[in-house]
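**Student:** According to Swiss-Prot:
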{"type": "COMPBIAS", "residues": "1-21", "note": "compositional bias 'Pro residues'"}
{"type": "REGION", "residues": "1-98", "note": "region 'Disordered'"}
{"type": "COMPBIAS", "residues": "50-60", "note": "compositional bias 'Basic and acidic residues'"}
{"type": "TRANSMEM", "residues": "110-130", "note": "transmembrane segment"}
{"type": "TRANSMEM", "residues": "178-198", "note": "transmembrane segment"}
{"type": "TRANSMEM", "residues": "211-229", "note": "transmembrane segment"}
{"type": "TRANSMEM", "residues": "233-255", "note": "transmembrane segment"}
{"type": "TRANSMEM", "residues": "330-350", "note": "transmembrane segment"}
{"type": "CARBOHYD", "residues": "Asn354", "note": "N-linked glycosylation site"}
{"type": "TRANSMEM", "residues": "361-381", "note": "transmembrane segment"}
{"type": "TRANSMEM", "residues": "398-420", "note": "transmembrane segment"}
{"type": "TRANSMEM", "residues": "424-444", "note": "transmembrane segment"}
{"type": "TRANSMEM", "residues": "464-484", "note": "transmembrane segment"}
{"type": "TRANSMEM", "residues": "496-516", "note": "transmembrane segment"}
{"type": "TRANSMEM", "residues": "569-589", "note": "transmembrane segment"}
{"type": "TRANSMEM", "residues": "598-618", "note": "transmembrane segment"}
{"type": "COMPBIAS", "residues": "638-650", "note": "compositional bias 'Basic and acidic residues'"}
{"type": "REGION", "residues": "638-679", "note": "region 'Disordered'"}
Amino acid sequence: MAPRNPELPPTPLRHPQPQRPTIPRLFSRLSHASKRSFRSYSSSFEADDERSGSDSRSQFDSDSDSDMDTSTERGQSRERRCRRSYGGEQYADEDTRPTSEKELAGWYMYSFAAETYVICAISSFIPILLESLARENGVLLKDRTSPCKASYDKTPDGGNDDNQCVVHVLGMEINTASFAMYTFSVSVLLQALLVVSISCAADHGNYRKKLLLAFAWIGSFSVMAYIFVSKEIYLLGAILAIISNTSFGASFVLLNSFLPLLVRHHPRIEYAEPATGDDLDFESEDQMRNSASHLLADEHDDHYALSRVHTKEELTSIELQLSTEISAKGIGIGYCAGLFVQCIAIAIVFKLKNSTWSQRVVLLFVGAWWAIFTIPAAMWLRPRPGPPLPAASESSRGGVAAFVSYTLYAWKALFRTVSLARRLIDIVLFLGAWFLLSDAIATTSSTAILFAKTQLRMEPWALAMINVISTTAGIAGAFSWAFISRRLGLRPHQTILACIVLFELIPLYGLMGYLPFVKNWGVLGLQKPWEMFPLAAVYGFVLGGLSGYCRSLFGELIPPGSEAAFYALYAITDKGSSIFGPAIVGAIIDATEEIRPAFWFLAVMVGLPAPLIYFIDVDRGKVEGEKLAAVIEGYRRHQDESFDDGRFPSDDDDDGRGPILGGRDDEDEHDTEREVRGR
């Protein structure tokens, strides 16, 4: 019914630690560039535009090396500090070339290719087709012998009970409407397990792009394979849904892992060097003298123009602004592609007379779109290999051993992050609320589509229009909620509560159908098909606000410097929660033999997060997060010292403490817990 939640980058607002005021410095762009050496990197899997510039880069490296020979030891030390401020590490095969427009286009193209699967397939035509295929193999519930009719066939009295169907799957009798719900639960479970297992490969080694393309091809071809699904092999449709949904989720995790790298190496960031206190103490006089010498340079040579060095706070602001700009553009491009494909899908369904064949043709088109427009992404997106695992000796063996090493490391990192999160009460409150809320969001979408198909007898083209309306309203909501919150003076958690109140209207509206006087009216309470359209607009508008503000609120609670690990936990909570809602709704449908009672469950699921959000104290969460960050930073300082000594920190460093956001042992964790509780 609605597209995937837009994943705007976090914009946490924190009070900066008191620092000694920094004095703006001027420096020559040429002098700054001479200190940067861009390592030549080659791979059989790299983008086509990477080798074309190798000669010019080699020449640049040569010039850079000669300039580096004349730089002072303090300048080299400052360069290392600079690189750490960007979040980067020095390691073998690091690709530090500036982000190109072609590389950005490749990143956008994958969103353009794959977002259509969310909007047109998994949120619309796949659940419709799965229910239709199950119905073709089912029998009427009333006698368990008569074959079922199409769910959108109108009965003379307009009743719903006579058209309820059941189908036998693996020896179990289930309602045809719950068949799709159980399928989605299985797919989300596998997706959550896979996302955790590959998260390490997304950040380490040279597997990021290879895995992204592998999952893209698997997902797109599994969607195209729906053209071969027929009544006799309807279970194949469920298997393809599981494969495609799991592949899509994994590919988008890998795509999102490119975003920090694109931002970090963007020219706007590369040439915005942070100022440090040490630089001012030891280099201010020399730097100003060098900068002043360029005032006499040719006034027509822009390359020698002077530029103010940014403070660390300013550099962070630039990075967040650029990250938001790139991510928002990718979301917008994906939404536009999804709406365009959905309009074509409606035309196909109209042309082919609302048959299951028309739905299979639509899915063939969606899969082909995903596959074809992944090709430019494969050509233009650079591999950008990450640092090796701290246990590098294990991962370097390759093959199955490397896979096991990466998977075990990923699960260890997850458990370590959870051990940190449970010590922060406001993080726990938020993740509990987000677990319930994200489950309600996903379950409401699939339940509403199936209710409209089986209870309201809406035809496939009308069901597709529900998705179009919801997506359009979601785009409007993403931009409107910021204005609404400013206008009403709402804080982020208050805006989330306002969204929850509006969201609660959807299941409550469905429950109105139980009221006797509403039943007598024959309208309202989801008794007429047209009522789905305004509800779809409300759903999309609410989703546009929740997606952004939940990430923003969570960002304010994260310990400074641990954003990546905690946002991974945020994503896993989002994926993992969606296992339960569809399964419970499926059980309700099987027990009651209709879908409307599921609105009771949805009303509870939507309302439960509200008190948890209400009791979140952002100020308290910031203080506790900063105290925890101080302990984490102690281990990171040890890692930096190991790096300066020319060795990569490993799990064996520091008395066996493994890396954990930085790593900590049990004694550190107990000390932190006492600090937080003793505030």
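Cβ coordinates come from backbone N, Cα and C, glycine included.
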**Student:** Taking the transmembrane segment (496-516) as reference, which of 178-198, 211-229, 464-484, 569-589, 598-618 has the most Cβ pairs under 8 angstroms?
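**Tutor:** It is 598-618 that shares the most Cβ pairs under 8 Å with the transmembrane segment (496-516).
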**Student:** So if I exclude everything within five residues of the ends of the transmembrane segment (233-255), which remaining residues of that chain have a CB under 8 angstroms from its CBs? That is, six or more out.
**Tutor:** 4, 107, 110-111, 114, 117-118, 121-122, 126, 129-130, 133-134, 136-137, 169, 179-180, 183-184, 186-188, 190-191, 194-195, 198-199, 202, 208-209, 211-212, 215-216, 218-219, 222-223, 225-226, 367, 571, 575
**Student:** Which sequence positions outside the transmembrane segment (330-350), separated from its termini by at least 6 residues, show Cβ-Cβ distances below 8 Å to it?
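**Tutor:** Tertiary neighbours of the transmembrane segment (330-350) are 3, 6-8, 107-108, 111-116, 118-120, 124-125, 358-359, 361-362, 365-366, 369, 373, 459-461, 464-465, 467-468, 471-472, 474-475.
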